[in-house]
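Participant: Before we start, here is the structure in question, set down as structure tokens.
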Amino acid sequence: MKTKTTLRGAMLTTSAILISAGAALAEDYTRFGIKEDVPGACSFASIDAKDYSGRTLNIITHAIPVIGEPTALHAQQFQELTGATVNVVHVPFGDLFQRIMIPFQTGQQAYDVLFFASLWLGDFNAYLAEVPQAYQEVSGMQSVTPTYKGVASWNGKMLNYTMDGDRHYLKFRSDVFDNPEMQALFKEKTGRDLTVPATWEEYNEVAAVFNNMDWDGDGAPNFGTAEVTKRDDLMFSAFISRVAPYAKHPDVKGGFFFDLETMEPLVNTPGWVRGLELFVAAQASMPPGGTSFGLGDEIFSFGGGQTLMSYSWDDAFIQAMQADSPIRNKVAAAPLPGAREVWNRTTGQWDTFETPNTAPYVTWGWSSAVAAGSQNQDMAFDYLCFFSNEANTLADLQIGRFGVNPYREAHFDPAFYQTELGWDANVATTYTDTLKAIDGGQNQVFDLRVPGVGEFMSSLAAGVARAQSGEASAQEALDGVAAEWKAIVDRIGVDRVREAYANVVALEDN
Amino acid sequence: MYRQKYIFLLPGLLVLVAIILFPLLFTIRVSFSSWDVYNPGLNWIGGENYARLWEDARYWEALIRLTFLTVATVTLQYTLGFALALLVWRDIAARRFFRVLFLVPMMTTPVVMSVIWRTIFHESLGPLNPILEAIGIDAQPWLSDAGFALAAVMIVEVWQWTPFMFLLLLAGLLSLPNEPFLAARIDGAGPIRTFLSVTLPMMGAISVGAILIRLIEASKLMETVYVLTSGGPGTATETTSYYIYIRGMRDFQIGYSASLSLTYLIVMSVALTLIAKALIRLMVKDRT
């Protein structure tokens with residue numbers, strides 16, 4: 001069976017390449033907004049050679065623009081090339097999970113192709129079709145980095161079709177950090193040199209020094225840090241970024257969120273509490289309203305030049321580097337700050353690190369998949385393969401609002417950002433170096449991809465919000481979260497959560 | 001003899017069962033199941049969801065908060081709505097213009113207006129704080145302080161729904177007979193005495209109706225909270241509907257959220273029945 005599949009895959013790939021090579025000579029696909037077609041099984045030429053006339057493909061995706069806009073754009077192109085009828089349903093993020101899950105649970109075949117947050121794989125895996133070997137062997141998929149192939153896999157099977165790569169990293173105003181006056185001011189106030197924060201304590205210190213002062217000289221006050229702090233608006237990711245280096249000990253394996261053996265929640269252990277205390281302390285260096293910033297606010301605050309530093313996904317950085325941005329080429333990227341003290345749950349003590357411990361956080365990321373019950377799996381995988389072909393992806397990466405971020409080796413080449421987007425060499429280099437460091441980094445942390453992840457993260461965000469608002473201390477808030485997590489695990493079943501969580505731990509401990 | 005009448009009633013009854021009773025009965029059944037993200041379907045777990053609900057402090061806190069928000073906003077809406085209705089009841093300049101103007105907030109979409117208000121309240125980028133500072137008042141943490149966030153939700157609710165009160169109360173005022181007012185004038189009653197002794201009592205029935213309709217609507221407060229504060233900071237603005245939404249749609253605990261909804265339905269039905277009786281006794285006692 002496997003031989004048959006592999007043979008079929010090889011034939012598919014070979015024939016597609018031959019067809020595309022021939023067709024590419026005849027057709028000019030730049031009318032679709034790409035620079036040039038890149039030959040391969042998923043290229044414009046290969047897809048153009050297929051005929052899906054009379055067939056219908058149903059797609060559910062996020063609202064426009066993030067992911068929703070490229071979904072619709074490539075659906076339109078796919079329709080034009082193949083003759084298929086492609087229906088795209090756009091759903092606001094708050095409704096996306098249940099709009100996908102309810103048809104799954106009730107046995108309806110509502111959609112062939114699904115776009116969703118990659119961390120929901122723990123919930124959806126039973127309903128998804130494995131990506132056929134032939135598609136795993138196409139050039140575009142071959143160049144996906146191991147980190148994002150891992151994110152797309154479940155129990156050794158590739159269930160998500162990778163079309164995005166996300167991670168958290170630090171962004172800062174390089175013009176301020178390089179300014180001798182600002183360096184002198186910082187030295188005067190703290191007694192040390194101004195450097196890119198290597199720990200979250202340093203981050204908070206830098207943010208405090210440059211908070212509420214007009215360091216860009218535009219007459220309006222600037223602030224130290226913009227962070228995603230609004231509950232139910234992906235705040236949990238920001239919080240985990242701050243916690244990770246204190247709680248993810250490089251020498252302690254077997255779980256970051258839970259102890260994999262006992263399935264006891266670790267969210268109220270000292271490393272987590274330290275991270276929350278620093279998260280709460282940073283509120284003093286946020287802009288007015290910064291304690292209720294959603295992701296959009298964070299993007300506009302840093303991207304608009306209001307704040308000195310920020311950390312989250314690519315969006316704020318891309319916003320800052322837009323052609324009309326007042327701070328274009330005045331920013332730089334770096335890996336997330338680390339920690340000099342790391343909680344060792346094996347010994348029950350804090351371990352000291354001379355070089356700060358870092359824990360790159362590979363969080364979120366949009367993903368796509370084909371429903372296991374779809375009657376159009378061939379067409380559905382062709383659509384996804386077309387969506388993420390090299391030519392489309394290079395075009396999509398240049399449009400910030402699309403939400404498609406680097407996930408292939410080729411995307412980490414600074415020359416691309418310099419030539420295609422006009423970034424300064426320093427900006428492009430810090431950006432790609434940062435992405436590479438995260439992608440190939442040790443001690444990585446991944447999202448909690450287990451059944452009920454929404455419930456776990458909702459509980460975590462509610463607890464963190466209590467501490468942020470002063471309703472509870474950091475320890476009290478996280479004790480409450482731990483109690484809720486225990487109850488959730490009991491309801492789901494310890495073994496079921498452990499089995500799922502083992503997939504996450506395997507990624508982290510490899 | 002008149003058995004045919006049941007045949008004629010049947011279509012209506014079937015529609016009634018389909019659109020009202022079936023969803024309610026289904027919700028009751030779901031509330032006794034553990035339907036969630038990892039356990040789909042209608043298994044039977046008895047009263048587990050209700051026992052869990054009883055210990056869910058966040059749910060009860062949200063209910064208390066909602067009670068406060070509902071009573072406070074509806075009281076303000078009634079007071080302001082009545083004042084505006086009185087203002088344009090009699091002949092004043094541009095009366096028709098004002099009547100339409102006062103209705104504009106009610107005609108806008110709640111979600112869209114909440115987005116607009118969120119921008120207005122935005123502490124860094126919104127226009128409200130600069131306006132306050134221009135007139136010598138300090139900028140306020142509209143969405144990041146518990147008290148102010150609650151006030152912000154109330155402001156939006158009052159802004160949006162006062163026109164509804166205005167509309168009903170103005171209709172009531174326009175339907176009042178002239179004779180009692182003439183009699184009051186002949187007896188020498190001033191405007192305040194006339195309002196307290198004539199207008200207000202005669203407006204009792206319509207006031208009760210307007211207040212009850214708004215209480216029912218306000219008790220479902222959800223969109224404004226969702227857009228404006230997401231229930232924060234902390235849980236400071238979390239209402240029952242928003243909490244049920246989180247449990248049901250975000251956490252996908254369908255069974256548990258069904259039990260929350262039903263409990264909420266029972267609590268609100270009992271509360272509103274008692275409130276209705278009290279209001280009728282208080283405001284239309286002479287007519288009962």
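In case you wondered, yes, glycine gets a Cβ from its N, Cα and C as well.
TrEMBL does not curate its annotations; it predicts them automatically.
So TrEMBL says this about it:
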type	residues	note
TRANSMEM	B:7-28	transmembrane segment
TRANSMEM	B:62-88	transmembrane segment
DOMAIN	B:63-275	domain 'ABC transmembrane type-1'
TRANSMEM	B:100-120	transmembrane segment
TRANSMEM	B:148-174	transmembrane segment
TRANSMEM	B:195-216	transmembrane segment
TRANSMEM	B:258-280	transmembrane segment
Participant: Do at least three CB pairs under 8 A connect the transmembrane segment (B:7-28) and the transmembrane segment (B:258-280), leaving out pairs fewer than 6 apart in sequence?
Facilitator: yes
Participant: Excluding the flanking five residues on each side, which residues at least 6 beyond the ends of the transmembrane segment (B:62-88) place their CB within less than 8 Å of a CB in that stretch?
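Facilitator: Contacts with the transmembrane segment (B:62-88): 95, 98-99, 102, 150, 153-154, 157-158, 161-166, 168-170, 172-173, 195, 199, 203, 207, 210-211, 214-215, 218-219, 221, 235, 237-243, 264, 267, 271.
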Participant: Looking only at the recorded stretches B:7-28, B:100-120, B:195-216, which one has the largest tally of CB-CB distances under 8 Å to the transmembrane segment (B:148-174)?
Facilitator: B:100-120
Participant: Who are the long-range neighbours of the transmembrane segment (B:7-28) in its own chain, taking Cβ under 8 Å and residues 6 or more past its ends?
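Facilitator: Apart from its flanks, the transmembrane segment (B:7-28) reaches 258, 261-262.
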